[in-house]
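> Taken from TrEMBL, the feature active site, proton acceptor covers 154. According to TrEMBL, the Mg(2+) binding site annotation covers 186. Annotated compositional bias 'Pro residues' per TrEMBL: 29-42, in sequence order. Sequence annotations record features per position, and here TrEMBL assigns compositional bias 'Polar residues' to 53-64. Annotated domain 'DNA/RNA non-specific endonuclease/pyrophosphatase/phosphodiesterase' per TrEMBL: 87-307, in sequence order. Residues annotated as signal peptide in TrEMBL: 1-26.
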Ligand SMILES: *[C@@H]1O[C@H](CO)[C@@H](O)[C@H](O)[C@H]1NC(C)=O
């Protein structure tokens with residue numbers, strides 16, 4: 001039977017479970033469905049207001065509108081948030097200017113797309129690039145990562161874009177990167193996890209993967225309060241180091257552009273940004289989609305009826321296969337700045 005090989009608080013599923021399921025227990029791997037009333041979703045977003053401020057069930061109070069007009073502030077310029085959506089060949093990225101990480105990237109892979117272009121599609125021909133579409137003061141910089149101790153971790157992996165050198169090059173924009181623990185995570189367990197998503201194309205004609213960072217609260221052992229703590233790399237500090245990463249995987253048997261009748265095989269995973277021994281089963285990182293929604297603030301597949309969704313791990317073995325070559329490929333030294 002599997003026994004946890006690590007005990008660091010950030011790694012135990014107990015603390016993850018505490019957040020996702022609101023359980024006070026630190027017992028390993030609680031897996032029940034989340035309770036109807038979980039921790040409240042973080043407050044935020046909602047701008048710009050789609051309507052002027054109203055009271056009394058939507059009727060603008062004439063006395064109020066005569067004396068204040070909060071929305072009028074926007075005539076001086078809309079502060080944001082701006083999400084810097086970038087459409088690349090293999091993925092779409094949505095960037096968070098505050099953390100200098102993606103919010104998420106959405107990929108599409110197929111059995112055909114994973115074939116390597118004989119003329120290119122090699123990561124040796126790509127270099128990491130700052131994304132000049134992002135205003136300078138919100139941009140992630142190469143120098144922020146330099147000597148940070150973290151890998152520039154692809155969210156849409158380079159190996160998912162071997163079908164063309166151009167597509168692979170696009171995965172090297174820093175808007176597709178988050179700081180990831182290198183040895184033991186990005187170059188190991190996470191790489192095997194990415195390989196798992198590619199293996200899904202053996203059974204599914206279309207695989208869509210949403211990947212992104214999370215900043216999850218953890219119980220402070222001193223005062224018992226939940227707190228979000230993360231490092232910020234760069235000098236001056238610029239790029240947040242996520243505490244966790246997620247993937248939502250959506251697999252379909254056929255890839256017909258307009259069919260829309262396919263059932264979706266769905267699974268969501270959350271992993272700590274930390275060393276994970278290869279012995280830890282992949283299924284121990286599976287979480288309910290609703291739990292991922294609550295922790296990310298994102299809504300997934302809300303237009304798909306529940307009857308069309310089924311459990312991916314119920315029909316495909318959710319496990320990693322350790323291939324040591326991943327290690328060598330990802331460990332290519334960073335170019336010296
Ligand atoms: C990929 O990036 C490399 C390094 O910047 C560049 O030399 C090469 O021309 C790019 N290839 C394509 C097809 O964009």
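For all residues, glycine too, the Cβ spot is worked out from N, Cα and C.
Thinking about packing and proximity, how do these listed features fit into the structure?
If you draw a 10 Å sphere around the CB of residue 154 (active site, proton acceptor), it holds 27 other CB atoms from the protein chains shown.
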> At the Cα level, what's the spacing in Å between residue 186 (Mg(2+) binding site) and residue 154 (active site, proton acceptor), rounded?
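About 9 Å separates the two Cα atoms.
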> When the pLDDT values for the domain 'DNA/RNA non-specific endonuclease/pyrophosphatase/phosphodiesterase' (87-307) are averaged, what is the result?
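Its mean pLDDT is 96.
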